[in-house]
Amino acid sequence: MTGAGTPSQGKKNKTTHVKCRRCGEKSYHKQKKVCASCGFGKSAKRRDYAWQSKQGE
């Protein structure tokens, strides 16, 4: 059985996220084709949640 310890971390060398062409962040998932930051590829609207800012601001 393989663990998730220190020796396994050395195998993590593949690029998962690349630069998003809508927001410019390095959050666009190559396989899923969705941006984790702005929601590009999933929604025409920008990804935005109320918990991202203080209430009333």
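Including glycine, each Cβ sits where the backbone N, Cα and C put it.
Per Swiss-Prot, these features apply:
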ZN_FING   20-38  zinc finger
BINDING   CYS20, CYS23, CYS35, CYS38  Zn(2+) binding site
If you take the centroid of the Cβ atoms of CYS20, CYS23, CYS35, CYS38, the listed Zn(2+) site, which other residues of that chain have their Cβ within 8 Å of it?
ARG21, ARG22, GLY24, GLU25, SER27, TYR28, ALA36, SER37, GLY39, PHE40, ARG47
Integer average pLDDT (0 to 100) for the zinc finger (20-38):
98
Counting across all protein chains shown, how many other Cβ atoms sit within 10 Å of the Cβ of CYS35 (Zn(2+) binding site)?
26
In the zinc finger (20-38), how many residues does DSSP assign to helix, to strand and to coil?
0 helix, 4 strand, 15 coil
Tally every other Cβ atom lying within 10 Å of the Cβ atom of CYS23 (Zn(2+) binding site).
16
